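J.: Sharing a structure with you now.
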Amino acid sequence: MQHRGFFLLALLALLVVTSAVAKKKEKVKKGSECSEWTWGPCTPSSKDCGMGFREGTCGAQTQRVHCKVPCNWKKEFGADCKYKFESWGACDGSTGTKARQGTLKKARYNAQCQETIRVTKPCTSKTKSKTKAKKGKGKD
């Protein structure tokens, strides 16, 4: 008799747990009906960089999520396009710049990115002055 009561209690507990898991799965399905989200660019709340928002749409649903635009991003190719860059090339004497090429490593949030990009920067002069005046301690 005692074994039968224990068995019924265990069976009842199993049913309760199973129904709770089923309800949880149902809630997840309702919230994730949309599978193809289209995300816009991250728009900083103030200035050119820092914290901001990104809007996403899927059918009639719209979501707004927090995002961050790094302050060292290059506007030409966007903050959501991540590139792997080669080493800087030699200095071009006629233009006074050096260049390197980057290949697309990752496009975040379905961003439209170029496969390869080329960036330039001014050549730096080789002669940098490293001499600094040393301050003596109070003897004049």
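Cβ coordinates come from backbone N, Cα and C, glycine included.
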J.: Which of C42, C49, C91 is the other half of the disulfide bond that Swiss-Prot records for C71?
T.: C49
J.: Do you know which of C67, C81, C91 Swiss-Prot records in a disulfide with C42?
T.: C67
J.: Based on what Swiss-Prot records, which one of C34, C113, C123 is disulphide-bonded to C81?
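T.: Looking through C34, C113, C123, the record in Swiss-Prot gives C113 as the partner of C81.
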J.: Would you identify which of the disulfide-bonded residues C81, C113 has the most other C-beta atoms lying within 10 angstroms of its C-beta?
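T.: Counting every other Cβ within 10 Å of each candidate, the maximum falls on C81.
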J.: When the number of other CB atoms within 10 A of each residue's CB is tallied over all shown chains, which of the disulfide-bonded residues C42, C71, C91 has the maximum?
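T.: That would be C42, with the most Cβ atoms nearby.
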J.: Using C123 (disulfide bond) as the reference point, find which of the disulfide-bonded residues C58, C71, C81, C113 has the shortest Cα-to-Cα distance to it.
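T.: For C123 (disulfide bond), the closest Cα among C58, C71, C81, C113 is found at C71.
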J.: Given C58 (disulfide bond) and C71 (disulfide bond), what distance in Å do their CA atoms have, once rounded to a whole number?
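T.: If we compare the Cα positions of C58 (disulfide bond) and C71 (disulfide bond), the gap is 29 Å.
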J.: Among C34, C42, C49, C67, these being the disulfide-bonded residues, pick the one whose CA is nearest to that of C113 (disulfide bond).
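T.: Checking each of C34, C42, C49, C67 against C113 (disulfide bond), the shortest Cα distance is to C42.
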